[in-house]
């Protein structure tokens, strides 16, 4: 509760200390900025909104549905022109967005879908299934199509976690000599990725690879492997973070990841919000998929802030 109050106070102070731009206010709400993916979303959306002449409020719900509800309510009370949201849950988010819509505040979702259409104006998400297949194909290649491996799963309430896992197994399960010896949830967390990897490694010392539902967990797994002297174990992630880029280029355990373009996705959401505010339409379907890109040693140098340069 104290954290919630602190966030709301910060949001209120931010609103009161800005001089509003002519175009009004856009609220940008994401999960915790401790995760560089979500920070890239927030930074990308903020940059584009201010470039287009809007004042911005940036806040994090920390994957807490109640906190998210309060932040959306605050955005509505501040008469925001639009909300850019990476939500705290596909089901629990619907009610708050329905209230925002009824109050005339349109929502533009990024990264995570909700389980209802017609509530948000746009849902712009990565093609998680396609990206997971890219990661899995590279993982199988790096593993030589055989060996014991581990899968680290994301937060169970996040549909992206299950979609990515399904994409992984659509590819990996075609190879009978690939043997999954452990599958554990690490909740998108680097700390949990480290602790899960430590315990899994003790129980399964012969593992050859780790495939992870995001880069943050992959980095935690890599740290545990390094601490155990296991530089031989292959790790493949998902997201396209700069930290993973650095590991790939340095020849660390992490060999590849699937880039989901957080920066570009967030900026596109703001562009669509601006068009909707001005014209009443984005000119696009509500649900939009952005394909992921495989990142490995061949192109990692071009990666910066979840965006790949030409």
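Every residue gets a Cβ built from N, Cα and C, even glycine.
Quick look at what Swiss-Prot annotates:
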- 1-21: signal peptide (SIGNAL)
- 35, 111, 112, 158, 159, 160, 164, 214, 239, 260: D-apiofuranose binding site (BINDING)
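Fewest Cβ neighbours within 10 Å among the binding-site residues 112, 164: that distinction goes to 112. Long-range Cβ neighbours of residue 239 (D-apiofuranose binding site) (same chain, at least 6 residues apart, Cβ-Cβ under 8 Å): 37, 214, 215, 216, 257, 258, 259, 260, 262, 306.
Spread of the D-apiofuranose binding residues is 18 Å (greatest Cα-Cα distance among 35, 111, 112, 158, 159, 160, 164, 214, 239, 260).
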